[in-house]
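Colleague: Feature table excerpt (Swiss-Prot):
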ACT_SITE  Ser171  active site, proton donor
ACT_SITE  Tyr204  active site, proton donor
ACT_SITE  Lys208  active site, lowers pKa of active site Tyr
BINDING   Leu41, Lys66, Asp90, Asn116, Tyr204, Lys208  NADP(+) binding site
Amino acid sequence: MANPERSYLSRFFSSQFSKLPYPSQSFKDAVILVTGGNTGLGLEAARHFVRLQAATVILAVRDLKKGEQAKLSIEESTKVQGVVEVWQVDLEDVRSVQSLAAKASSLPRLDVVVANAGISTNKWALVGDMERTIQVNVLSTFLLILALLPKMQEQDIEGQIRARPRVVVVSSEGHETTAFAERKAARIFDALRDQRQANMDERYDTSKLIQLYLVRALAERLSRSDKPPVTLNAVSPGLCKTGLLRETPLVARLLTGPVMAILARNAEEGSRTLVHAAAANDGETNGKYLRDYLQRLYAAKKATPRRRDCCRSF
């Protein structure tokens with residue numbers, strides 16, 4: 001029997017050195033919203049969308065000043081004006097999420113949502129009554145997705161269904177490494193807000209595993225709906241040089257520095273995976289997890305009946 005850790009490491013190293021095609025898919029006339037669009041993967045994906053003829057690209061960001069700087073960077077590099085908009089959202093604040101969704105309801109259409117924003121920290125903190133990583137990466141992310149779905153499912157004025165809308169959740173290969181001990185709890189989200197049970201060193205990876213469970217569960221429900229179809233998928237950009245580790249202790253960043261220098265993709269290379277996932281409008285990737293442009297199954301070792309309980313709790 002294959003050693004799962006060796007298999008994971010083999011895939012990881014193979015993935016990091018694979019060459020990803022430069023995006024060439026057309027997003028002509030599309031309206032696209034990217035959370036965390038002011039930096040890293042989100043910024044570079046937004047830059048591609050503008051270059052690929054999107055009609056509107058919304059950078060949903062916490063800091064409007066940084067968002068405006070990102071907008072200027074995109075306009076300078078693409079020589080395209082009047083496409084990028086900057087909207088505010090704070091995923092630590094449910095009311096901010098609801099406000100963004102309400103604002104989006106006034107859009108003429110919404111074709112693509114890239115749920116890219118997230119945090120990685122080993123520091124325990126509560127936001128309201130939930131641990132901060134779970135609130136941002138899971139609860140607020142999927143609250144926003146659910147709130148945006150009605151707009152994405154609208155028909156156009158002529159009553160014709162346009163190209164199938166897409167929701168892309170930015171995931172991580174790290175979901176395979178977490179023990180996710182909370183999955184054994186009677187109430188999973190209660191366990192996730194209990195500091196005594198928390199292993200913050202793997203909390204980010206746990207949040208990414210829960211994301212995958214929710215992607216699959218929501219995709220299944222959407223496929224059974226009588227409303228216009230929406231493709232919901234998840235994508236791993238691989239190990240990338242972004243600001244994700246900004247809340248990681250300095251010592252840890254120094255120790256991982258050589259690995260990042262040798263193995264990590266730059267943000268533009270990683271963003272190509274997001275653009276590829278966003279272009280998949282034929283339904284084939286619905287509920288799927290993508291890595292290096294390939295579809296993969298979810299981590300089988302965690303795909304127990306508790307996955308259903310996790311989704312039901314949400």
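Cβ coordinates are placed from backbone N, Cα and C, and glycine is handled just like the others.
Note that the structure is predicted; figures quoted are calculated from it, not measured.
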Colleague: Compile a sequence-ordered list of residues in the same chain as Lys208 (active site, lowers pKa of active site Tyr), six or more apart from it, whose Cβ lies below 8 A from its Cβ; state 'none' when nothing qualifies.
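Modeller: Correct list: Asn137, Ser171, Ser172, Gly174, His175, Thr178.
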Colleague: Quick check on the recorded positions Asp90, Ser171: which one has the highest count of other Cβ atoms within 10 Å of its Cβ?
Modeller: Ser171
Colleague: In the structure shown, which of the recorded positions Lys66, Asn116, Tyr204 has the fewest other Cβ atoms within 10 Å?
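Modeller: If we count Cβ atoms within 10 Å for the recorded positions Lys66, Asn116, Tyr204, the smallest count is at Lys66.
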Colleague: According to DSSP, which kind of secondary structure is Tyr204 (active site, proton donor) found in, if we only use helix, strand and coil?
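Modeller: Tyr204 (active site, proton donor) sits in a helix per DSSP.
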Colleague: For Asn116 (NADP(+) binding site), which of the three DSSP-derived states applies: helix, strand, or coil?
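Modeller: It is coil.
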Colleague: Would you give the longest CA-CA distance, in whole angstrom, between residues of Leu41, Lys66, Asp90, Asn116, Tyr204, Lys208, the set recorded as binding NADP(+)?
Modeller: 26
Colleague: Rank aside, I only need the closest one: which of the binding-site residues Lys66, Asp90, Asn116 has its C-alpha nearest to that of Tyr204 (active site, proton donor)?
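Modeller: The smallest Cα gap between Tyr204 (active site, proton donor) and any of the binding-site residues is with Asn116.
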Colleague: Where does Lys66 (NADP(+) binding site) sit in DSSP terms: helix, strand, or coil?
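Modeller: Lys66 (NADP(+) binding site) sits in a helix per DSSP.
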Colleague: Around the Cβ of Leu41 (NADP(+) binding site), how many other Cβ atoms lie within 10 Å? Please give the count over every shown protein chain.
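Modeller: Taking every protein chain into account, the count is 30.
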